[in-house]
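What follows is a single structure, written as structure tokens, with notes after it.
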Amino acid sequence: MCGIVGAVAQRDIAEILVEGLRRLEYRGYDSAGLAVISNNQIARVRRVGKVSELQKALDEEPVDGSSGIAHTRWATHGEPTESNAHPHFSNERIAVVHNGIIENYENLRSELKSQGYVFASDTDTEVMAHLIERERQSSDSLLDAVLKATKLLEGAYGTVVMELDSPDKLVVARSGSPLVVGKGIGEMFIASDQLALLPVTRQFMFLEEGEVAEISRRSVKILAPSGEEVKREFEESSVQHDAGDKGQFRHFMMKEIFEQPSSISSTLEGRLANDSVIVESFGNKAPELLANAEAVQVVACGTSYHAAMVAKYWIESMVGIPCQVEIASEYRYRKTVAVPNSLFISISQSGETADTLAALRIAKEQGFMASLAICNVPGSSLVRESDMAFMTRAGAEIGVASTKAFTTQLTGLLMLATAMSQTRQTMTEAEIASIVEQLRQLPAEINEALTMDQLIEQVAEEFTEKDHCLFLGRGEQYPIAMEGALKLKEISYIHAEAYAAGELKHGPLALIDQDMPVVVVAPNNELIEKLKSNMEEVRARGGQLYVFADEACEISENSGIKLIHCSAKGSYIAPIIFTVPLQLLSYHVAVIRGTDVDQPRNLAKSVTVE
Ligand code: G6P
């Protein structure tokens with residue numbers, strides 16, 4: 001989704017801004033632009049398409065300046081055209097970049113038009129530019145004007161404002177879309193994600209909800225929504241500098257698939273005792289809360305939602321309490337009932353997904369006993385607003401299609417179910433010890449699963465001409481099948497659907513023919529015989545099966561069955577292991593089809609608008 005970078009420095013910053021945008025490309029966008037103050041005017045360059053198009057334009061016509069703002073836009077209001085790309089101007093003296101959506105923009109637009117403002121775009125953002133310009137006329141400073149203007153806005157924004165008359169300052173405001181300030185030596189930066197600024201600083205400070213700040217080269221003045229000044233220190237970031245580099249890999253997605261053993265090792269590090277999970281890994285109050293929760297409500301979106309669905313199987317079978325799972329965008333707009341003494345869990349890679357965040361805020365009003373965030377980004381809104389947080393430590397995930405974030409979420413959720421079970425003794429010590437051993441083996445087992453890569457690359461050839469694909473699984477492998485289908489559709493644009501295999505005869509069987517590949521996830525568990533029957537139903541109708549199966553399942557390759565052996569030494573970790581071949585399959589299909597693997601069309605990494 002949209003990305004923001006800004007800088008006030010003493011050197012030319014156009015290159016830093018463009019590099020920052022490049023590092024935000026993974027979020028998904030359709031146009032890019034920047035503006036710098038140069039020779040007593042605001043120079044702006046914008047292009048539809050990739051940041052490389054913007055770079056080309058700058059190579060042809062360079063702009064110099066020591067303060068500037070830049071943006072990658074993911075269209076919401078108005079098509080992805082150059083005139084809709086940010087920065088937006090008002091009277092050639094105010095420039096604005098904005099993430100989020102201004103909901104009352106139509107009213108404000110009419111009002112501003114009637115006051116003589118001329119609009120050059122179809123965006124909601126341009127309203128902000130004119131509004132700030134109008135308020136500036138009766139304010140002592142840009143900071144004041146932004147404060148007044150933001151009081152008139154409804155909706156979500158992370159915004160950076162620049163004015164011609166005070167080139168050594170930027171004013172920023174945050175309400176619903178994250179912003180982080182980065183401190184250099186005698187220079188200051190702002191971005192929607194710290195990844196953008198890693199080449200120039202490691203000192204960061206996050207703005208809180210509702211804050212407005214004035215950023216100069218050496219200082220940051222932050223105002224709380226009450227208008228009171230807030231003091232906050234910069235902190236050293238632990239995010240790796242190379243997090244934005246592909247290394248030896250052709251795509252971030254592949255790099256991240258292969259990083260899974262080390263990401264999962266990080267998730268586990270310091271959180272396992274000899275034969276148990278360290279319950280405090282979920283927070284100081286976790287021993288008491290996990291022991292007493294009478295039910296669990298989980299909300300999430302996209303891939304994180306699939307992790308939540310797997311957690312439901314684990315929590316109900318291992319802990320014996322009800323676990324409800326819901327898509328955050330549904331949960332937030334439905335009249336929901338919180339079960340007394342229940343725990344609210346939100347799962348999110350980014351910790352900034354607008355719907356998940358809104359669901360958490362609603363849950364906090366509803367009387368849940370506590371909220372727990374399972375998240376990958378320290379300092380994100382979800383983490384800060386939850387009572388407890390479990391960091392998945394996957395490292396920065398750049399590919400839009402989530403891979404290592406998902407498997408580390410699953411790892412954390414299996415640890416959670418184990419910790420809950422420990423505190424209530426719903427499983428024997430030996431059973432707990434066996435799960436902990438499986439968790440320890442997980443990185444090695446994922447490494448083993450990754451050796452299937454070449455074989456899967458060959459199998460992928462058979463999918464490239466297909467238009468549709470079906471994924472089947474049972475039990476906790478059903479959400480894994482859903483995740484496999486999501487991966488395939490996201491990056492290869494092949495229409496893919498997942499079904500609980502038992503549902504096959506209630507509809508999807510009608511679609512089976514030789515043009516419909518059917519991918520089956522088949523670990524060796526108590527449902528395998530049922531699954532085999534479902535596979536026969538497909539074969540009998542001429543369907544082509546691609547079965548990822550444990551050798552012990554004794555499925556043989558036959559006409560209509562392509563078998564790919566995948567083993568998981570442990571039933572609890574099987575969903576995590578079987579995720580890997582499905583990731584590899586969708587990756588290779590997408591590469592052969594020549595799609596934009598890391599930044600699939602129309603999608604965004606971090607969905608900060610609803
Ligand atoms: C977007 C991303 C997905 C992600 C989903 C939820 O759709 O493309 O990869 O699963 O948002 O994001 P979250 O950060 O909340 O996990």
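Including glycine, each Cβ sits where the backbone N, Cα and C put it.
Here TrEMBL flags CYS2 as active site, nucleophile. What TrEMBL records for 2-218 is domain 'Glutamine amidotransferase type-2'. What TrEMBL lists as domain 'SIS' is 286-426, 459-600. Feature annotation from TrEMBL assigns active site, for Fru-6P isomerization activity to LYS605.
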DSSP-wise, what's the residue breakdown of the domain 'SIS' (286-426) into helix, strand and coil?
66 helix, 28 strand, 47 coil
Protein Cβ atoms within 10 Å of LYS605 (active site, for Fru-6P isomerization activity), excluding its own:
25
Could you tell me how many residues in the domain 'SIS' (459-600) are helical, how many are strand and how many are coil under DSSP?
66 helix, 30 strand, 46 coil
What whole-number Å value do you get for the CA-CA distance of the residue listed as 'active site, nucleophile' and the residue listed as 'active site, for Fru-6P isomerization activity'?
10
Near CYS2 (active site, nucleophile), how many other Cβ atoms are within 10 Å of its Cβ?
28
